[in-house]
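Feature annotations, reproduced from TrEMBL:
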type	residues	note
SIGNAL	1-24	signal peptide
TRANSMEM	70-90	transmembrane segment
DOMAIN	81-474	domain 'Cation/H+ exchanger transmembrane'
TRANSMEM	97-120	transmembrane segment
TRANSMEM	132-149	transmembrane segment
TRANSMEM	161-183	transmembrane segment
TRANSMEM	227-249	transmembrane segment
TRANSMEM	270-291	transmembrane segment
TRANSMEM	311-333	transmembrane segment
TRANSMEM	354-373	transmembrane segment
TRANSMEM	385-409	transmembrane segment
TRANSMEM	421-439	transmembrane segment
TRANSMEM	451-474	transmembrane segment
DOMAIN	573-594	domain 'Sodium/hydrogen exchanger regulatory region'
């Protein structure tokens, strides 16, 4: 009954919210006086009471409205509510989201709302500006991605991730920019006024990939872990590289003459900005971990430190023109490793849910506004330039994956086959970063409207075409799957054993890989860092502590899942689970405490 009522109420809530937005977008509302009620604007009295003549005397207002005072937060709340109602509707009719990505549905709703606003000649409110995006929305999205990144597979594939994120982004930016500049030399297209610097600037914008829909599909069909983490990591670090390239090409586009020394300075700045962002992130992550050592008596403020220190890392990096995305990602990875051992379990659960909620809301609003702006913004349409932009984006993405994979495969333990390469190439959707960067282009760029139109076109084309077709194509070509079983203490112990064994063999052979460096870091971590940053520092090799950690992690994954429901466990099952766990823990404690038991 509740489900049927919810389905009937969803269109009504959606319609009421749209009508409220249309009324709110008109600005100040001047209500008509009702019968027996005098509506006057609030009057600020002077320092003392005044006597008014009888002719100017007014009655005490019973009802007043001061819309300009609450206009901005009111409209923001309505937009968030509208996007939230849309998400509720998508998941009420859950069969839609199986084949159509949520980002496509949000853009479609935005197109409908934008069409309604355009038909009544209403301009969209200036809620999503460049400052709002880069200072408030982007940090939440990146914090969500960085905090929930799978740590172990990421560091095992960090070389491949950085290879595709850095070299791949440079490949696409330079390739697309040079190709578009060649097209601009053809007089028939009418874009001869776009120079090389502006084409490179535009190419850096559309080189930012945002495969949110693809990652959801990959997670649902359980593709192999290597493919998933490379697409995930490339998306995250690609954004940082794209923003750095955008800032660099923006500066170059305003220079009358580009000298060779400027090229070398640009390359040097590229590395300084990236490494500087990582340094800021590590510093704030360590400070956050050290601060939470002393919060055992004030548990209620523990989640606050996570958000404040990560946001400070982002803002300080922006202050010094360093990669803020790298700063907040590094800070999130550091805090997740150390802070979760200091804070309580309730604080840890709160942090996870709030981070996920804020990131989801920000991403939802961006795709929603993308649809609205597509209809309500004036565009400059050039068929030749836009079609060749789509073509070059596909071609250079595919060639880049093919060439870069052939170079990196000999250095990988598990090389990428052709099916994996197709998954990498086809997962290059454009999204939020490209949309925001296009609207922050300087006004002195002559064809700014054309660049915005082309960016919106490639975002909508890739999100709808590739996002909808990725699931049937992945299932058709039968990409390698992975067995995602729950971690057990047996698996964890054997993984650590193999890592120590590989590190020892590499040390004997004189070779260094991630096993060697991970072993060195773990020794330094246990010897120094954990003693400084962790309140109750216990040996990480403790079997009892490891067992508790894995059981708690598995329980949280079950409860956080969509189908996770505590009521699904019956009382006898809970009693049996409790007896088994208590018995096993008792045996482990007896063995550990026995004087005849030694490691």
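Along the chain as shown, the residues are counted starting at 1.
Note that Cβ sites are derived from N, Cα and C of the backbone, with glycine treated the same way.
Sequence-distant neighbours of the transmembrane segment (354-373) (same chain, 6+ residues past either end, Cβ-Cβ under 8 Å): 79-80, 82-84, 86-87, 103, 106-114, 117, 124, 127-128, 133, 136-138, 140-141, 143-145, 147-148, 212, 303, 306-307, 431-432, 435-436, 456, 459-460. Scored by C-beta pairs under 8 angstroms, the transmembrane segment (385-409) has its highest count with 161-183, from the stretches 132-149, 161-183, 227-249, 311-333, 451-474. Against the transmembrane segment (161-183), stretch 227-249 shows more Cβ pairs under 8 Å than any other of 132-149, 227-249, 421-439, 451-474. Of the candidate ranges 227-249, 311-333, 421-439, 311-333 contributes the most Cβ pairs within a distance under 8 Å of the transmembrane segment (132-149). Beyond its flanks by at least six residues, the transmembrane segment (311-333) meets 134-135, 138-139, 142-143, 145-147, 149, 151, 236-237, 239-240, 243-244, 247, 272-274, 276-278, 280-285, 288 of its own chain at Cβ-Cβ distances under 8 Å.
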